[in-house]
Amino acid sequence: MNAVGWGLVSAVVVALAATVAALAVPRRHRPAVTGVGVVAAGLLGTVAGVVATTGTTWSVARPDLLPLIGLELDVDSLSGVFLAVGGVVAIAAGTYAIGAARHGLDGPGVQAALPAFVASLLLVPAAGSVGTLLYCWELMALTSLVLVVAEHRERPAVASAGLWYAVMTHAGFVAIMVGLLVAAGAAGDGSFAAIRAAASGLSPAAASPAFLACLAGFGSKAGMVPLHPWLPRAHPEAPSHVSALMSAAMVNLGVYGIVRVGVDLLGGGPSWWWVTVLVLGAVSAVYGILQAAVGSDLKRLLGYSTTENMGLVLVGVGACGMFAAAGSRALAGLALTAALLHVMTHAAFKTVLFLSAGSVLHATGTRDLDALGGLRSRMPVTTAAFGVGALAASALPPGAAFVSEWLLLQALIHGLPAPGVVPAVVLPLGVAAIALTAGLAVATFVKAFGIGFLGRPRGAGAAAAAESGPAALTAMVLAGLACVAAAVCPTLVLPTLAEVAGGVVHAVPAVSGTVAIELVGVSGVLSPVLLVVTLIAAAAAVVGALRLLARRRDRRRARLWDCGAGPLSARMEYTATSFAEPLQRVFDDVLAPEQDVDVSHHEESRYLVAAVSYRRELPDRVERRLYTPLLDAATAWGRAGRGLATGSVHRYLGYGFVTLCGLLAWLVVTR
Amino acid sequence: MSALGVAGGVLQAVVIVGGAPLLLGLMRQVRARLEGRAGPGVGQPWRDLRKLVRKQSISPRGTTEVFRVAPVLLVAMTLVVAVVAPLVTTASAVPPVADLFVVVALLAHATVVIALAGLDSGTAFGGMGASREVTVLALVEPTALVAIFALSVPTGSTSLPTIVGTALDDPQRLISPASLLAAVALAAVIVAETGRLPVDNPSTHLELTMIHEAMVLEYAGPDLALVELGSAMRLSVYLGLFTSLFVPWGIATTASPLALALGVVALAVKVGVVGAGLAALEVFLAKLRLFRVPELLAGSFLLALLAVTTAYVLG
């Protein structure tokens with residue numbers, strides 16, 4: 001067993017031991033025990049992942065370990081990337097979990113589920129056969145479901161979110177199972193190696209349905225539109241460190257599944273598979289960020305932002321498959337490198353954003369941006385952490401996501417001369433989608449940071465806020481440092497990622513360089529380090545010049561300009577809703593907001609208004625148009641079925657008799 | 001890092017910082033003359049800056065360091081663009097940063113910083129200005145990125161020195177439909193980003209119609225000087241970039257003093273002419289209603305998308 005094997009096995013053993021310990025130790029020590037277990041498992045998983053990305057592979061087959069299917073693990077460099085990302089997120093989330101055990105979160109079930117969830121997050125990318133993958137996937141779904149519904153006693157919305165999540169994740173599971181079983185059936189064996197070997201002989205009539213089923217299942221986990229409605233419900237309702245694990249680590253495994261099955265196991269497939277992925281990714285990106293831009297629930301906004309970022313990753317994956325199908329391997333490698341880098345940067349900034357949102361929720365008791373504000377002086381570390389995350393998420397230089405989006409755009413730009421009509425239509429639209437996303441992401445995160453943390457407190461909770469405990473602060477600082485590192489020196493990981501991506505699509509690494517990111521094969525250079533250095537130098541020059549020129553050094557504190565009408569109150573401030581109102585008006589046709597104005601009059605006179613109530617809702621349109629009719633139909637079907645069941649035993653016996661006769665008649669006719 | 005690039009970087013920083021207020025003065029003077037006023041003279045913005053710098057700094061109560069740092073960052077980010085973009089010379093002082101995406105996103109970042117400062121003040125006007133500015137920015141960014149895409153497809157690179165160099169070698173490319181469409185789209189971007197008519201009125205005194213001015217209402221003294229200088233520099237840098245991309249002639253390709261001097265003069269003349277033209281046009285324009293602005297920007301987005309398509313079909 002090599003370092004990868006030791007790291008992975010010990011990570012899983014530590015996590016499972018923490019699960020057992022959570023059930024055994026008294027309530028007082030439980031959060032610390034599970035938290036430390038999760039951190040240790042995360043560390044070991046990260047080590048295993050990092051070693052695996054350098055090219056060390058490890059595989060094991062133990063048919064005796066799991067009933068019926070056996071356990072087969074197979075870690076290669078692609079698995080390593082997702083292992084490492086999951087491990088790093090687990091370190092931060094575990095640290096946060098030590099301090100996050102409020103009432104209701106320190107029960108044995110919830111505490112035991114957390115390490116088991118982390119173990120499943122590490123096992124899914126390591127799975128080496130269909131059976132093992134499905135087993136770990138289901139373990140991941142169940143443990144995360146337990147965590148999502150942890151606070152169901154406190155808020156009724158949690159139960160509904162849990163129901164959505166449970167149903168959709170299992171529908172996705174069935175889709176993946178069908179897809180993988182079709183592929184495995186053709187290969188005659190469930191191991192990935194066998195499927196890979198048999199892929200070339202697979203007929204398109206079998207491969208395409210298998211891929212589409214897997215795309216639906218894995219895409220739903222990644223929050224791909226239109227299979228996303230569980231995500232903006234479940235992620236906000238879960239405890240914040242669980243939200244971080246789900247949004248920064250679990251959704252990545254959807255992308256992993258698509259890459260593993262589509263590119264690796266099925267060997268690439270025809271171009272239209274990937275055009276589908278690219279288009280769905282672009283739609284998800286725009287739709288997700290548009291919902292986030294007009295939303296005012298901090299954690300729900302972050303959930304929609306996850307849909308957006310996974311959409312961008314899927315654009316990269318789709319472009320990769322498209323280029324590979326067209327034969328340009330170098331560009332395929334570049335697109336996949338961009339997608340993998342975006343997975344990493346998204347994990348970094350989404351962890352810090354969810355953890356600091358959790359810190360805000362804990363301190364103020366609300367996640368409604370309209371009731372927040374003024375947290376800068378009360379919660380300085382949380383504010384700084386959220387600021388770093390918001391900069392990274394808004395894709396502005398020198399932020400982390402800027403680098404990965406730059407790489408993605410480079411891949412699309414250089415791909416345009418590719419032959420065929422389809423790239424000529426799809427690639428510009430892809431760029432336009434990314435461009436729209438970039439602009440709206442800026443608006444979203446200016447709103448989240450500017451309204452949520454700056455200005456004056458808009459509610460009693462925000463006014464009484466106090467900074468979180470040391471564990472939460474440590475976790476936020478760790479995740480924030482990861483964000484900064486990803487923004488300033490992505491070149492530390494990029495050549496490795498490029499090698500991984502090159503290995504997947506059989507091409508030379510698409511990116512090299514230590515100071516600057518240099519594209520191989522096409523022209524393109526970017527140096528985030530130099531950009532930061534130049535910015536700091538310019539800022540120093542400006543401050544120096546100002547010191548030199550200004551006559552008076554002292555600063556005077558003064559009143560804000562209040563139009564001469566007396567002191568300003570927090571009610572005069574802009575809120576998140578008012579901030580997003582112009583954007584909402586611009587995208588009125590897409591968002592279709594529902595408004596309701598109720599005017600009640602005095603009894604004495606109809607001309608005197610007693611009260612005006614105004615209500616506005618921004619429903620998720622996909623949910624409203626697609627899922628509500630579906631659910632209504634299912635309910636109607638159930639109601640119709642109820643008419644058959646009257647409670648009369650005679651009638652039930654009659655059903656049995658009729659069915660039996662019918663079957664016999666059918667057998668007679670067909671045989 | 002070449003000698004030409006370093007010389008260009010230093011010269012550009014000096015020319016942009018020194019010339020930006022003069023450009024603003026020139027535009028105001030042109031406008032004043034066309035409207036039948038005498039005008040305060042080209043040097044007035046510089047005199048205003050000198051007056052502001054000598055005043056005492058003021059921090060409104062309740063504001064944090066975001067409010068105090070924002071003006072410095074605004075000028076610093078614009079200064080970085082002024083140094084790295086090819087304005088006087090084709091080479092860049094810091095080539096790995098002279099990317100068209102980086103430059104445009106950095107200028108957008110400067111806007112974001114000021115919007116955050118507006119929100120930090122916690123006043124209704126600050127929030128209103130920030131909300132409007134960010135809305136305009138969110139709609140302008142797509143146009144800018146797609147127009148860049150159209151410009152970089154024929155050259156196969158987003159590196160600014162490469163794009164400008166290719167345009168100098170092959171001037172015919174500049175009058176291709178793709179390039180012309182991208183030019184129109186970028187012009188709309190510049191008008192919106194620098195807060196000129198018809199998107200925003202830089203000389204308005206009515207708070208309810210303000211965009212940029214509403215955000216910076218709380219600034220005074222040296223901070224206000226930085227904000228004013230930063231806004232003026234943004235305008236110059238945008239116009240300089242525009243002329244370098246579409247009218248690159250005169251730009252220095254060698255590090256000889258004569259070529260550099262010619263480069264400086266060419267930049268000043270080109271930007272001055274474009275600026276004066278913009279000011280003259282503004283006399284005939286009224287400010288658009290805020291909710292008509294998206295229509296303008298959507299139109300320019302469409303032009304940019306058309307530019308990409310023609311770049312592919314014809315190029």
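Including glycine, each Cβ sits where the backbone N, Cα and C put it.
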Which stretch does TrEMBL mark as transmembrane segment, out of A:131-150, A:271-290? A:271-290
Interface-richest range of A:78-98, A:238-259, A:271-290, A:338-361, A:381-404 toward the transmembrane segment (A:311-332), CB pairs under 8 Å: A:271-290
Quick check: do the transmembrane segment (A:471-493) and the transmembrane segment (A:193-218) share at least 3 Cβ pairs under 8 Å, counting only pairs 6+ apart in sequence? no
Which of A:6-25, A:78-98, A:424-450 has the most Cβ pairs closer than 8 Å to the transmembrane segment (A:32-58)? A:78-98
